[in-house]
C-alpha cells in the first residue's frame, strides 16, 4: 500500500480575515496567505470577485472544517451603482448592453428600496460561478452562450443609501444572506428605475461573525513576515540557516472557535477534554450547561476542541480538532 506523503508546511490553525485588494482573485488570495504563513492547508469562506475589495475570511489548517459556518453567515457590502448602462457582467468589467439617458432622483431610489428588502427573488449574473449542467455559468458566458439561470430566493435584511455623489452614481450598504448577488441587485434596480445600472465599486465589510476590525491588509502581513533563509548562487540554502520566527505573523490569526459564535459553547475540564479527544461523550456540568442542542461546541482552556450535539445533558462529539 502506498504511503501518504508528508504534508508540507506548518500545522497552524485559525482564521486570517484578509482585506483583499481589488484585482486579486479569491483563489490567488488563498494561495498568497497559505504561502505567507507556510500553512499545510488553507481555504476561503465565500468567493469575492476580483473587482471587489474587502473581507475574505481565509481558514488555515483545522479551521477549514468550520468554513461552512462562516459561509452561512450574514454579509455586509458597500457598493456604488452607476446609472445609465447595463453591462454584460453587471459590473465595470463587462461591455455595455443597454443604455439610457435617464437618471433617477434620490427620492425615486429611496422609494424603491422597500421592494428589495426581505425575501426577494433574483437571477444570478450570466458571469457567475453558478453551475449549469455541470459547467460554470461564467465559462459558458465567455464562450458566447446565453444560459438560463434559475431564479433563487435570497434575504435582504437591510438596504440603504449611504451616498449620492452625483446624478450618475448612488452609494449603498446592504446586509444580506448567503447567495445574494450584489451585481444582480444593481441590475434589477436599474431596470425597475427605467435607467439601467451596473456595479462600479464593491467592498465587503463584514462576514458574520467577523467585522471590519478583524481585517488585516497584505501590507500588514508582509511587514511581519519572516524572510526566507538566504541562498547561494546555485539556489541552495546557506547553512546554518536561521530559524524563521513566525510569532508576529501568527499573532494576527484569529482562533478557530471564533467562527462558531452561532453555536452554544461549553468549557470542559482537562479530564473531560481528554475523553472528547478520544471520541467519547461527556456529561456537561454546571448550572448553565444546556441539556439539549442539535449542534454545539466544547472548548478547553479557551480553545475549540470539538463540534457535536447535546442530548440529555451529554455532549457527543462529531468532529474533534487536534489543535484543541
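Using N, Cα and C of the backbone, Cβ positions are placed for all residues, glycine too.
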Which range of 87-107, 108-128, 129-149 is region 'Disordered', per Swiss-Prot = 87-107
Do any residues at least six apart in sequence from residue 49 (active site, nucleophile), in the same chain, have a Cβ closer than 8 Å to its Cβ, and if so which, in order?
-> 91, 202
